[in-house]
Amino acid sequence: MSALIAPSILSADFANLERDLGAIATADYAHVDVMDNHFVPNLTLGLPIFERLAQVSPVPLDAHLMIADPDRWAPGYAEAGAASVTFHAEAATAPVRLARELRRLGSRAGLALRPATSVEPFLDLLPEFDMLLVMSVEPGFGGQSFIEGVLPKVRRIRDAVSEAGLDVWVQVDGGISRATIERAADAGANVFVAGSAVYGAENVPGEIAALRALADQHTH
Ligand SMILES: O=C(CO)[C@@H](O)[C@H](O)COP(=O)(O)O
């Protein structure tokens with residue numbers, strides 16, 4: 001399975017989002033962090049801006065909803081054309097119903113877990129999702145350092161996915177760089193979100209290629 005790279009536009013220039021989406025045209029996805037200042041202590045963008053990003057982006061959008069009440073808001077992101085919509089397990093009231101609705105609307109359905117959230121209650125529900133997102137920082141901000149302690153959870157998910165013969169992707173998000181991506185890939189991740197490492201690089205396409213090459217050496 002090839003590694004997929006999803007740069008986070010949280011580290012882009014918010015006055016030049018179309019330009020900065022163009023800068024990551026060689027990536028597999030653009031990761032769009034939606035924050036509501038309730039679920040996380042930060043505020044980014046909502047549906048009206050996301051709809052415009054979906055119209056101008058050269059790469060498919062991977063929406064990561066760090067918001068309260070995703071049951072109400074997430075379907076709008078699928079309707080706006082998101083390739084993938086990921087909501088938080090801690091915030092959703094009816095995660096399976098919501099995942100089914102996202103799939104019905106034509107989007108991949110992702111379930112995100114904060115670093116301290118156990119995956120065990122969700123393992124029997126894996127067929128309902130297309131992706132599990134393991135947060136490797138506390139959600140809310142870019143530029144934090146990678147939490148090594150989430151790697152056993154990544155491995156646990158990958159093992160459960162393999163044992164069940166499923167095609168569920170495992171995404172890691174937070175603190176991913178050339179220094180950490182190999183360990184995340186080794187643990188079983190196949191989708192890698194990187195914000196500051198990509199947008200902070202002098203050569204953005206070169207950084208995307210370097211991260212992909214490193215991860216590819218370790219993806220199973
Ligand atoms: O969801 C988040 C933060 O909540 C991430 O997507 C960050 O944007 C990743 O940034 P870096 O840690 O790669 O700088």
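Every residue, even glycine, has its Cβ placed from backbone N, Cα and C.
What TrEMBL records for the substrate site is His64, Gly140, Phe141, Gly142, Gly143, Asp173, Gly174, Gly175, Gly195, Ser196, and among Ser2, Ser8 the residue it adds there is Ser8. In this structure, the C-alpha atom of Ser196 (substrate binding site) lies 11 angstrom from that of Asp173 (active site, proton donor). Proximity to Gly140 (substrate binding site), judged by a C-alpha distance within 10 Å, picks out Asp33 from the recorded positions His31, Asp33, His64, Asp173. DSSP gives Ser196 (substrate binding site) a helix state.
Less than 8 angstroms from the CB of His64 (divalent metal cation binding site) sit His31, Val32, Asp33, Val34, Thr86, Gly110, Ala112, Leu133, Asp173, Val193, each of them six or more residues away in the same chain. There are 25 other Cβ atoms within 10 Å of the Cβ belonging to Gly175 (substrate binding site).
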